[in-house]
Amino acid sequence: MSALSNSNWSRRSLFRAAAGMAAAGSLAACGGNNGRSGGAGSGVDLTQFFHAYGEAGTEQAIKKYAKAYDKANVTTQWITSADFESKLFATLLTKNAPDLFEFHPQIQMIKSGQVADLTDIIDPVKSDFNPADIKSHTVDGKIYGVRMIDDPQFFFYRKSMLEKAKVEVPTTLDELMEAAAKLTTGKVKGLYMGNDLHNVINPMIWSAGADTLDAKNQIAYHTPGVIEGIKKMRKLFTSGNLLLGAPTESWDPSSLNQGLCAIQFCGMWAMPGIQKALGDDWGVFPFPKTVDSGKQSVYNGGWSMFVNAKGKNVDAAKEYVKWLWIDQKEYQEDWATSYGFHIPPRTSIAQSATKLKSGNAAEGVRLFNEFGHFDNIGWTQAMISSLEDVFANSVRKDMDPEAALDKADTAVNRELKKLFG
Amino acid sequence: MSTTKTRDLARPAPAKASPAKPRRGLRGSPTFNFWLFTGPFLIGLAIFVYAPILWSLWLSFFEARFTVTPDKFVGFENYTYMLTNDDFVGSLVTFTVFAAFIVPTTWALSLGLALLVNRLRFMRAFFRSVFFLPTACSYVAAALIWKMSIFSGVRFGLMNTVIGWFGVENIAWLADPNPPWYWLVIVTARLWLQSGFYMILFLAALQNIPGELYEAAAIDGAKPGWQTFRHITLPQLRATSTAVILLLLIAAYQAFDEFFNLLSKTTWGRPPLVELYYKALGESQDYGSGSAGAVILTVLICAVTLLQGKFMGFGRGDESK
């Protein structure tokens with residue numbers, strides 16, 4: 001006789017147990033991860049998606065802001081970085097789509113009606129925002145997202161290692177390659193730019209005097225300078241002086257902090273962590289000139305808050321965005337400077353942020369202002385992938401750069417035709 | 001004195017349902033029972049398998065960018081795009097290389113393990129469990145262990161530590177495609193994950209081979225070992241081998257997790273599903289092209305499976321035939 005048949009289980013008790021479990025599940029679902037202890041706000045429920053920031057305290061900060069808002073019950077989903085884009089895009093097609101989400105400005109989201117027009121909430125304070133940030137979120141005079149943070153990205157280096165190897169801070173790609181060679185020892189590689197090199201693609205193009213797209217939304221990356229740059233990057237990749245196969249990607253400063261490399265490409269967000277690990281033994285410099293006719297460059301990345309135009313509570317979501325990312329200057333400064341370092345996109349906050357006024361943080365702000373390039377709203381995810389393929393094929397796999405760029409042109413033109421006709 | 005006999009004593013007991021009599025009505029109906037047990041499964045199958053397949057087929061004929069409810073019919077344009085796309089065609093080549101590695105090696109290793117475990121006299125259950133346990137491990141978890149601990153490209157990666165003892169420089173196992181060390185990482189991860197499961201299939205088949213065959217062979221002078229294995233064991237395992245190869249081939253077509261996690265955003269080592277994810281679904285949100293690629297892949301898997309079954313005689317008869 002089975003144990004089940006020997007017990008007191010009956011159909012009725014099974015149903016009762018199932019009902020109990022269902023009720024428990026519902027109660028558990030009520031809890032959410034909104035940081036509230038049980039309050040229900042005004043009855044309006046909003047969900048927001050964030051990618052998982054690496055800096056300690058960021059998730060708690062976002063939940064703290066949400067908890068302080070009393071006109072809606074705001075829930076936060078904190079999504080692993082690598083999965084963020086695919087989860088966001090897939091969810092946007094469903095009824096479980098978030099009301100708000102952070103992302104980068106991209107025109108296809110506007111053309112497909114995925115994001116709401118936020119012009120009315122930004123217009124009154126438009127002059128206080130970095131004009132480049134406003135431009136990068138504007139299509140046909142309408143503004144489609146609120147920039148939360150600006151993230152300049154450049155090289156971080158160990159001062160003591162460069163001094164010991166008698167290496168000057170590089171200003172050209174050739175000098176960077178020489179520096180990487182001199183800094184490579186038995187246990188330390190000269191340079192780390194990420195395992196896939198994706199983060200240095202745009203800086204290399206800008207430093208070659210080119211761009212991704214021009215003002216007419218036509219291909220601007222296919223130039224002799226970029227081809228020369230790709231060849232140099234291939235030489236660097238095969239030199240043995242580049243750190244490859246590191247446990248973390250370049251957004252994480254662990255490789256520099258742990259002494260795996262002397263120079264690492266990373267973002268300004270890493271500054272507090274690097275300061276803690278290395279004291280004052282570090283500095284920053286922009287991506288060097290790819291060719292003589294080029295210019296040093298810095299990628300001003302960042303994250304913006306968007307409202308799902310197909311959501312159930314568009315107006316409530318816009319109200320929350322206005323409250324948090326336009327009215328609450330204290331939270332905006334806290335978000336930009338209390339965890340990792342970022343530059344607040346609001347000029348008034350950026351000017352008063354004391355943590356960004358000295359040392360390497362101030363130098364980062366200077367590089368941002370002098371060499372910075374912002375997101376181009378017409379440069380979409382599919383186009384980004386096409387240039388990533390160029391780097392994978394030419395730099396890492398030795399394909400002819402001209403042929404690789406031709407292949408990218410086909411894919412980018414297909415995308416441009418669909419977007420702009 | 002008259003005596004009266006009551007005839008009540010002889011009356012039969014009040015009518016009672018006979019316990020042996022089968023119940024009538026719906027619950028006694030075999031048809032009802034059939035639907036009761038298979039219905040939920042069929043509903044799930046229809047909602048989660050057939051509906052998405054049909055929807056995907058429908059999407060493949062539309063311009064479906066950033067939407068799964070498109071309205072612009074484009075005919076076979078998505079199919080033409082996918083079939084003329086070097087990367088998608090290249091992914092089929094990648095699959096062929098992968099299948100050429102993984103199918104025979106997994107077959108041989110799982111058969112070898114089954115033979116080994118079958119002959120064990122001590123701790124048989126322990127070794128069966130040890131070899132089978134990796135099957136329970138997630139592909140994602142295994143891929144991360146392989147990537148970050150065993151085949152990490154830095155000096156403290158397990159493999160680099162080992163080769164370092166022999167004076168060999170660190171190898172970037174996954175970051176550099178020349179030489180293609182990434183195949184070693186991928187194939188070893190999948191071998192570890194899969195072999196235990198197929199070992200169990202072979203073990204079951206081995207235990208089904210009648211002992212009399214070996215006894216008769218011994219009487220006829222067959223030497224134990226290779227001769228017996230080649231002329232008795234292997235032919236007896238024919239049906240199981242065919243099924244194992246079929247399953248391995250389908251699993252190779254469906255490879256995604258370990259490739260996606262081990263080779264993040266490369267242009268090499270992309271099997272069809274990863275290629276479809278990157279090029280058509282995922283971040284690009286081109287569901288029309290993605291669906292066309294999925295349909296092409298489905299047709300291809302069906303064709304290869306049917307051909308393989310035909311050539312290897314799957315389902316022709318008993319193992320002994």
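Every residue, even glycine, has its Cβ placed from backbone N, Cα and C.
Remember, TrEMBL labels are computer predictions, not curated facts.
Not measured: the values here are computed from a predicted model.
Over in TrEMBL, the protein carries these features:
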COMPBIAS  B:1-10  compositional bias 'Basic and acidic residues'
REGION    B:1-24  region 'Disordered'
COMPBIAS  B:11-20  compositional bias 'Low complexity'
TRANSMEM  B:32-58  transmembrane segment
TRANSMEM  B:88-117  transmembrane segment
DOMAIN    B:92-308  domain 'ABC transmembrane type-1'
TRANSMEM  B:129-146  transmembrane segment
TRANSMEM  B:181-206  transmembrane segment
TRANSMEM  B:237-256  transmembrane segment
TRANSMEM  B:287-307  transmembrane segment
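Beyond the transmembrane segment (B:287-307), the same-chain residues lying 6 or more positions past its ends with a Cβ under 8 Å from any Cβ of the stretch are 53, 56-57, 59-65, 67-68, 70, 74, 78-79, 81-83, 88, 92, 246, 249-250, 253, 272-273, 275-277, 279-281.
Within its own chain, the transmembrane segment (B:237-256) has Cβ neighbours under 8 Å at 95, 98-99, 102-103, 106-107, 110-111, 190, 194, 198, 201-202, 204-206, 209, 271-274, 277, 297, 300-301, 304-305, 308-309, 312-315, 317-319, counting only residues six or more beyond its boundaries. Below 8 angstroms of C-beta separation, residues 113, 117, 185, 188-189, 192-197, 199-200, 257-258, 260-262 of the same chain, each at least six residues beyond the ends of the transmembrane segment (B:129-146), sit close to that stretch.
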